[in-house]
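Peer 1: Before anything else, here's the structure in question.
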Ligand SMILES: *Cc1c(COP(=O)(O)O)cnc(C)c1O
């Protein structure tokens, strides 16, 4: 596979001296345009497992703008798997060509099954899965968002030995798989901070199941109203950040995290003299989908 793992270097962000902290961004977004950041990490051992077990087909679940759907479609095509995406929302079936993520997945060979929101909620029930097997034959199942034990194992490879010097490791949180891997490979003296991109009281518990350390915390003030919810302040922040530091951020995950980190720096949350590492988990394929929505509403778009 052609993945640029040597590009995941830590890029320093030049902050004014009086802020009293150092900030670096780990450019996991550069791994691949579509199998980017944490989605590469989460798929790696799952794809090896699927190959080892002789599966020819991958099946997974996601919404209309899902980075995970794009990643599975793209990685599947590269490795010669057939891919099936079970997509939330029957109404999307006739709108694939208007949706950048689904169009990309389709071009990469993914077959879709569009289901109602109700069916999507029950997607891991035995009946639903056995119906899928009847329809599509044998498949290797990857959960929504890609989080399972093998995904966490992959995310334990995000930090390298050199990252020991950081006091804080920051990441965006969706299902909690990525932060679990980071916690597992952090030093006990490091603080791992998660910035959930959605409202979800279940996250604390979900993460606790995958980790044994306690050096972590969820910062729940920066979800902007919920998953895929955004506002003008966030769009401006993302555009300014790109102008100032030449780093693109996505509106659903990494933009919210970085907005939170800057706000916390401003508020003096981090100990003076500390070094912060923010993981850029990727997700840039989602920008064009969000821009289509913003354009329809006549709002400022992401540059
Ligand atoms: C999926 C995703 C996340 C969330 O990862 P989890 O392991 O589900 O917590 C964060 N950032 C980006 C860019 C993502 O695509």
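Cβ atoms here come from the backbone N, Cα and C positions, even for glycine.
Just so you know, TrEMBL annotations are computer predictions that nobody has curated.
Here TrEMBL flags 15-282 as domain 'Tryptophan synthase beta chain-like PALP'. For 39, the entry in TrEMBL reads N6-(pyridoxal phosphate)lysine. Annotation source TrEMBL lists active site, nucleophile at 66.
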Peer 1: So how many other Cβ atoms are close to the residue listed as 'active site, nucleophile', meaning within 10 Å of its Cβ?
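Peer 2: Here the count is 28.
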Peer 1: Give the mean pLDDT for the domain 'Tryptophan synthase beta chain-like PALP' (15-282) on the 0 to 100 scale.
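Peer 2: The answer is 96, the mean pLDDT of the model over that range.
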Peer 1: Roughly how many angstrom lie between the C-alpha atoms of residue 66 (active site, nucleophile) and residue 39 (N6-(pyridoxal phosphate)lysine)?
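Peer 2: It is 11 Å, counting Cα to Cα.
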Peer 1: Is the residue listed as 'active site, nucleophile' helix, strand or coil when read with DSSP?
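Peer 2: Going by the DSSP assignment, the residue listed as 'active site, nucleophile' belongs to neither helix nor strand, so it counts as coil.
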Peer 1: If you skip the near sequence neighbours and keep only those at least six away, which residues in the chain come within under 8 angstroms of the residue listed as 'N6-(pyridoxal phosphate)lysine', Cβ to Cβ?
Peer 2: 67, 68, 70, 71, 146, 282
